[in-house]
Amino acid sequence: MTTTTSEHSGPATEAPPFRYTPALANAIELAWQDRWEQAGTFEAPNPVGDLSSFGDGVDDGAADGAAAAAAAAVPGESFYVMDMFPYPSGKGLHVGHPLGYIATDVTGRFERMRGKNVLHALGYDAFGLPAEQYAVQTGQHPAITTDQNIAVMRRQLRRLGLAHDPRRSFATTDPEFVRWTQWIFLQIFSSWFDPDATAPDGSRGAARPVSELVGRLAAGEVALPAAFEGRTWADLTPREREDVLADHRLAFVADVPVNWCPGLGTVLANEEVTADGRSERGNFPVFKRNLRQWVMRITSYADRLVADLDPLDWPEKVKAMQRNWIGRSEGAHVHFSVATAAGERDLTVFTTRPDTLFGATYMVVAPEHPLVEELLASEEPWGADVPASWRGAAASGADTPAAAVRAYVAAASAKTLQERQADAGAKTGVFTGGYAVNPVNGERLPIFVADYVLMGYGTGAIMAVPAHDERDHAFATAYGLPIREVVSGSPSGVQESAWTGDGVAVASANDEVSLNGLAVAEAKHAIVTWLERTGQGAGTTTYRLRDWLFSRQRYWGEPFPVVYDADGRVVPIPEDMLPVALPEVADFSPRTFDVDDAASSPESPLSRATDWVNVELDLGEGLQTYRRDTNTMPNWAGSCWYYLRYLDPFDADAPVDPALERYWMGPQPGGARGETGGVDLYVGGVEHAVLHLLYSRFWHKVLFDLGHVSSREPFHKLFNQGYVQAYAYTDARGVYVPADEVEEVAAGAAGADAHEGPTFTWRGEPVTREYGKMGKSLKNMVTPDDMYAAYGADTFRVYEMSMGPLDQSRAWETRAVVGAQRFLQRLWRNVVSEDSGLVTVVDDAPDVATARLVARTIADVTTEYAAMRPNTAIAKLITLNNHLTSLPQVPRAAAEALVLMVAPVAPHIAEELWSRLGHESSLAHEAFPVADPALLVEETVTCVVQVAGKVRDRLEVAPSISDAELEAAALATPGVQRVLAGATPRTVIVRAPRLVNVVP
RNA sequence: GCCCCGGUAGCCCAACUGGCAGAGGCAGUCGGCUCAAACCCGACCCAGUAAGGGUUCGAAUCCCUUCCGGGGCACCA
């Protein structure tokens, strides 16, 4: 293409006719975007299958590198680069949104020029709340809204010139995609976690088909649960069998304590509830309720999810957040026996400090603990020796433990999670009237109910060791309970405050075991050994991670591919009947409630589609009436596996052809993708550190265990890009004013406060500056469309990439964009005459200085691009460009190298210049320049001569100079001579060829 | 409260395993082009690295303390 234009950048200007103006930039960009699309330039060939060649008939541009590459074998080296895919919100993009997309595009284009087969595509995460809420308001089906939003977003992003393979784009709402999401769900449903199985990577404990478990149950190798004692597998009804299997399935329906959010009308996963007990979306109160819901047994994988973080090339911060969330902690279960009205009961506690067992002085159970009711059965009055403070709040006026505890439990359950956490620190509780026997010394310990112990962690019961646990210490102090030191080391005494540090065990012995004198770690080991030998406990590991609540009471999500028979037994839908599509409904909204109505229950919009819910099917048991599941999957389902579908978007037989998964994602021990395999580069915001990234790792490991994928992790390298933020301004009333109309008054200028920084005015009135998100409500939004119109996409790309390190957040500054534009204008001028439009480069060889600078730039820019530092790469390109500007004539060799190196960040202008330089095909597959090593070696280097660390002189020396020669030369310099003034140096440090330091 | 990351010219940011504090951009100043201005071209100006202490021949870089900013976790037994 050769774009000729006489358009000017503005009406009143007389710019030269071939200047690189925004108008010219736009013309070039649109033309190249069309050409790329028509030629299929960025279509990445698969090694096998329907995408192994380029779009049939569409591609006549055989001259393009992509087509040439496809004709030959697929490159052996693949590079799979991905963005966390967008939710098409319809609100419109601002200049911050494309940051990550540009970054992956730059890296992808660079790697493509390095000869790799680069796969880069973008799909849409299209199920979810905004489209549903819009549907609720307007009655328009969310599918229509979603399609419209996707179309708008596609157009906006296309204008950026992203090198995506358009054939591989999809939305999670596409029926074919939903089909495979449901298929994977059924794979998980049909699997159980066999703790004794070995995974393909050698780890212990792996997913296996449930059919294997059925075989073992039928053969009696695995015992039935206690409820079915005396019966055999063959005796059980189908419903009973399913109940047995549900205890093992990786996806199962169960009555579980869930986070119920009346304001949203749905239940939420733990990860979707904020630390202060509110919904992440909408910020509504959340209550704990027991409800029948789908759950995924992610906790089975807790160990592997922790262990496999190590080999991943991820930011340490994200790894730490995942480790923290999983919260693995090693300790012991210890059995205490409790006498109740109904007889002896076991109270098992979890502790990370079994070495402090001898220091236990009381017990605490969570208000929801099942033992509570048993303890209260007796209804006996308080014993005479029970202090008043143990009897609960005076207001309750309870004269029996049962009444006091019930009042306390009721009060605790009425609290929202938020209230419960707000009260943390103030320890409250009530004595239950019961006692537990400490297995190490037979002491009777009073059992309290207190809400500082959580039912959701460990066993929901603890042994309290006030001397060595701060929480127990606070409670013991408040309730007058004894504090007994069993680990030495407290500086101020344990009566004063708990000692949780290291020390030596004291007062910790019975007839069979003594911990006295042992350090903490040894003492733990000794007591666990004793507990295990005597059957009173065992070493164990627990996790903070909870199983994943997987159902939502919403319309716009994937339906569950199961039905229930007349007995309420879950029956999976056969694979050939997938996908299960959503029914048409009149009302898309779940029933929502008053945000504080804890007693309400969820009611899904699907439950009203009775024709759909009640269905006659033949599922191999004859025609029967079944009931469908009226929940839908959470928004995370599609994003748990979408990265596999880009590889093989049209596969009708599997979510992905295993051969393609191996080629694009397979492990490369010692190579780029390491032993884990996975996507080569995954870029997105840190906000997904635990949610999406943990869930998809879990699904991936199940697919790995079942043999569907060869990689054991989905994402080998993860990169978190920063955010683009912006200044906003408020006037005296606190109302936002348009940021682009605010004027800055320099510090020290007339009228400015000399001591403060710069001040700001809007229409002459002072305004206050604040910093934060970009958005319409703050009147500081700048859109990509604004940038295309004012500068063109290339300038916008260069500016975004040059603002600073990719992983840092940065402030948008529109007035600084002109720097990027000047760079590209100068680049243009170095190749093309602004007056005639003709190419001005000459074929003469570059002078030595230019050749060296070109070589140096190639070497540096290659390093910077490869390390994802486009900001420093651009700085070096600008340096070379400025050097070429200073030459009377630009040599072709230098210009071509520069154009190729600019291509990843500013692809349109680079293609245009490349074309004008006489090349017929796109530079997208052109080899990235390689520096001539001979030119990288400096002829002379500057050696710094220091005396006592201060620079006193400089020498121009050969890089190969020896230490001795250099030392002699340095000592002879006038600078050294002057400072030393005849004295003999004590030491001379020589770091040839760069530095000599003389120590006088 | 605990943990992590950061603080370098007016602003955004560079500086390889410790070795000349400056690559690049914005803003500013001066000059060229111009009737003039903008654009453009050329040149210039600009910090001793948040503060203090330590290690070292030598510290922006390593260690300690403090301050400031950003983020994560927070009754997890």
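Cβ from N, Cα, C; glycine included.
What you see is a predicted model, and the numbers here were worked out from it, not measured in a lab.
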Candidate ranges A:13-17, A:328-332, A:603-607, A:773-777 [criterion: TrEMBL lists as motif ''KMSKS' region']: A:773-777
Number of Cβ atoms other than its own within 10 Å, given for A:K776 (ATP binding site): 11
Summary of DSSP states over the domain 'Methionyl/Leucyl tRNA synthetase' (A:81-187), given as helix, strand and coil counts: 58 helix, 8 strand, 41 coil
Secondary structure at A:K776 (ATP binding site), reduced by DSSP to three states: helix
